[in-house]
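As recorded in TrEMBL, the features of this protein are as follows:
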- Glu60: active site, proton acceptor (ACT_SITE)
- 35-210: domain '3-deoxy-D-manno-octulosonic-acid transferase N-terminal' (DOMAIN)
- Glu130: site 'Transition state stabilizer' (SITE)
- Lys208: site 'Transition state stabilizer' (SITE)
- 6-24: transmembrane segment (TRANSMEM)
Amino acid sequence: MHWRSLYSILLYLSLPVVLARLLLRSRRAPAYRRRWAERFALIPAIAGRPVWIHAVSVGETVAAAPLIERLLTEHPGIPIVVTTTTPTGSQRVRALLGTRVRHYYAPYDLPDVVARFFRRVAPRLVVVMETEIWPNLLATAQRRGIPVVLANARLSARSAAGYRRVAGLLRPALGAFHTIAAQSEADARRFRTLGAPVQRVQINGNMKFDLEISAVSLMAGHALRAALDPQRPVWIAASTHQGEEPLVLEAQRTMHAYAPQALLILVPRHPERFEAIATLCRRSGLETARRSTRERVRSTTQVYLADTMGELPLLYAAADVAFVGGSLVAAGGHNVLEPAALGIPVLVGPHVSNCAELVAGLEAVEGLVRVTDTAFLAQAVADLLGNKRRRLALGERARQQLEVNKGATQRLYETIHPLLTEPPATIGLSGNRAGC
C-alpha cells in the first residue's frame, strides 16, 4: 500500500480521538470548542488568489509577522490568509495583524479536507513555518502546481531520527517543497539527509531575529509602566507553565529582602489557567492585582497578574528585567528574542530545548543569564534591578545580538517574490513555468 494512503487511513481512524481531545481541552480552554468547521475547511471562498501562510502557534506567528507586513506593504492587492492550530496562535495573529489578514484554523491533513481548503482559498503560494510537514497538503499543492515554501525551517537531531522511521512517507513530501529555507547549516544537512532535493535547500538564517516591536506596543508599554509607578523596579515572568508559577512567586517572596519595592508582572502562557493562577497568587500571601479586571496597583502590590491575551510585547516594554518561562520546568522554553529586542536583560532556567541556539547566542555575548532554581532566580533579578549600569549593558548586548543576525526575512522575500508575480497555475516546483 502507498505510504500516503496508509497515513491517510490512520488519520481518518484517529479522528474521533483528535476530536475528543479537542473537547477535553475545551473544558479548560473554551476557545478549543469554537470554530470547528474551519478545521474541516468549511470556510467561505476567497477571491484574489491569496498567499497562505501557516504558523502553528504563537512563536511561529511572531516569526512570520515581519514577512506578512512586507507582503501587505509591497503587494497590497494580494490577500493574506494565515492559519494556526491553536487559539493562542489565533489571538496573536489578531493582536499583531488585526483585520488586515484573514485567519482560520488550519485544516486537518485529510485528503478531502485539504482539497476543499485549496478549492475555497485557491492560494497562489503557500508558506509553511518551521517544521510543519503535512503529506496530503504537499501532495495537493504539487498536483495543483502551487509552490510551497518551508520557511525558517528547523529540524533537531532527535526529530530527524524520528522522521527516518517513516522515510517512505517523508521523502515524497520533502520533494514537494519548492524551497526549504533552513535556519542553519545543521538544519539544512538534516533535511538533505532525509531526502530533500539538494538544490531546493538553502541556508537562510533565523527569521526570529527580524522581530520588530511596534510603536503602538512600545507606547502602550510605557503608559503601563507610568501607571504602575515609574519609580518602582519591575520584572516580568512571561509565558509561565504549570508548576512554574509557584517557583516564580517564591522568588518574588525571597526578593523582598533584597528589593522590597520590586513588582512582578506574571504572564501565564495558557488562558485556561488564569483563574487557577489568580487563586494561587492569593493563597501565596502576595498582594496581587489582576489586569483583566483593572484592579488598582498600589505601592504595596507585589504581583500584577497579566491575565489577558495578545499583550506580551507591551508587558515586556513595561519591565526592567525579563524571565522567559517554560524553562524552570521541562517545557523547553520560549522566545527569548522578544525581550532582547527591547534591550531588556533576559533570564532563563535550565530547560531551553525549544530555543537552545537562540539562548546560546545571547549567552555567548553575555546578553542572557541562566538560572538553575528559585533562589538563583531571585538573586539574579535582584542584582540586575539594583545595578542599572549592568542591567542596561546586558540588555544592550542582547539587542545587538538581534541586530547582527537580521536579514533572514529579506532573503526569504527575495525567494518568494518571483512566485508572486508568476501566474499561479503555471508555476512548477523549480519555480519555472511548467512545460510538457
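For all residues, glycine too, the Cβ spot is worked out from N, Cα and C.
Because TrEMBL annotations are produced automatically, they should be read as predictions rather than curated entries.
Distribution of TrEMBL features across the structure.
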{"residue": "Glu60", "record": "active site, proton acceptor", "CB count, 10 Å": "25"}
{"residue": "Glu130", "record": "site 'Transition state stabilizer'", "CB count, 10 Å": "22"}
{"residue": "Lys208", "record": "site 'Transition state stabilizer'", "CB count, 10 Å": "26"}
State the residues, same chain only, that lie 6 or more residues beyond the ends of the transmembrane segment (6-24) and have a CB under 8 A from a CB inside it; answer 'none' if no residue qualifies.
-> 32-33, 36, 108-111, 135-136, 169
Would you kindly give the Cα-Cα distance separating Glu60 (active site, proton acceptor) and Lys208 (site 'Transition state stabilizer'), rounded to the nearest Å?
-> 9
Integer Å value for the Cα distance linking Glu60 (active site, proton acceptor) with Glu130 (site 'Transition state stabilizer') is 7
